[in-house]
Amino acid sequence: MAVQISKKRKFVADGIFKAELNEFLTRELAEDGYSGVEVRVTPTRTEIIILATRTQNVLGEKGRRIRELTAVVQKRFGFPEGSVELYAEKVATRGLCAIAQAESLRYKLLGGLAVRRACYGVLRFIMESGAKGCEVVVSGKLRGQRAKSMKFVDGLMIHSGDPVNYYVDTAVRHVLLRQGVLGIKVKIMLPWDPSGKIGPKKPLPDHVSIVEPKDEILPTTPISEQKGGKPEPPAMPQPVPTA
């Protein structure tokens, strides 16, 4: 018999499940360009879609790695046998995914690349991918013992109002270097896309669309229009009186 739980408890349980799942996959698939997870619950099973830039690494040789992840998720969250399925989906535009770019910057810094050069490289790649604007902040012991932060901005970025919720993609990551821990924050402002593939369908409130006027077709020959009732017959010529 199914246990009845209140809607409030169900929402909390779903939120905790997704947060724990996201944390686990972030730890396991950090090197494979992990960019997020979607959970779809159907009457028969639960489908978990893993978004990543390198899906082949997530799947593994002959699907071995995805089967291992499925077994771990099934055991950890107490799913019945065969009721959970994991899929790997490639991120459509890597340059518009804040998580993917934060991870990319993290590995650049771990590889010993200078902070300024690494940040400008990420900034350029994001803008070339079609973003409306972006902001990269790196904070920590960048030079010397005193901690400071460096901010790199390009394009347009909104900071307040409801459009921030669906126009700005944000990601925070931490990287442990020899001098200490650096914090990485990446914010990407997505472009307006009526199809909803690379950005939100809803335009910004201050967006103005200018409609091009239609070309007016000028008449080549003069046309007279008769308005009102029936046309009157032409007047008969009057005889000229003779003296």
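Just so it is clear, glycine is given a Cβ too, placed from its N, Cα and C backbone atoms.
Feature annotation from Swiss-Prot assigns compositional bias 'Pro residues' to 231-243. Annotation source Swiss-Prot lists ubiquitin cross-link at K90, K202, K214. Residues or ranges marked as SUMO2 cross-link in Swiss-Prot: K214, K230. Among the features that Swiss-Prot reports, domain 'KH type-2' is placed at 21-92, with the record citing sequence analysis. Here Swiss-Prot flags A2 as N-acetylalanine, drawing on similarity to another entry. The annotation phosphoserine is assigned in Swiss-Prot to S35, S104, S224 (among others) on the grounds of similarity to another entry. Feature annotation from Swiss-Prot assigns N6-acetyllysine to K62. Taken from Swiss-Prot, the feature asymmetric dimethylarginine covers R64, R65, R67. Sequence annotations record features per position, and here Swiss-Prot assigns phosphothreonine to T70, T220, T242 (among others) based on similarity to another entry. Residues or ranges marked as N6-succinyllysine in Swiss-Prot (evidence: similarity to another entry): K132. The annotation region 'Disordered' is assigned in Swiss-Prot to 200-243.
Swiss-Prot feature annotations superimposed on the structure.
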residue	record	DSSP class
K62	N6-acetyllysine	helix
R67	asymmetric dimethylarginine	helix
K90	ubiquitin cross-link	strand
S104	phosphoserine	helix
K132	N6-succinyllysine	coil
K202	ubiquitin cross-link	coil
K214	SUMO2 cross-link	coil
Message = Below 8 Å Cβ to Cβ and six or more residues apart, same chain only. Which residues does that give for S35 (phosphoserine)?
response = L51, A52, T53, V91, R94, C97, I99, A100
For the recorded positions K62, R67, K90, K132, the one whose C-beta sees the most other C-beta atoms within 10 angstroms = K132
Note = Cβ contacts within 10 Å for K202 (ubiquitin cross-link), all chains included, total 14
Task = If we count other C-beta atoms within 10 Å, could you say which of the modified residues T70, S104, T220 has the fewest?
result = T220
Remark   = Looking only at the recorded positions K90, S104, T220, R67 (asymmetric dimethylarginine) has its closest CA neighbour at K90
Remark   = Sparsest Cβ environment (other Cβ within 10 Å) among recorded positions R64, R65, K214 belongs to K214
Message = Tell me which of the recorded positions T70, K90, T220 ends up closest to the residue listed as 'N6-succinyllysine' in space, Cα to Cα.
response = K90
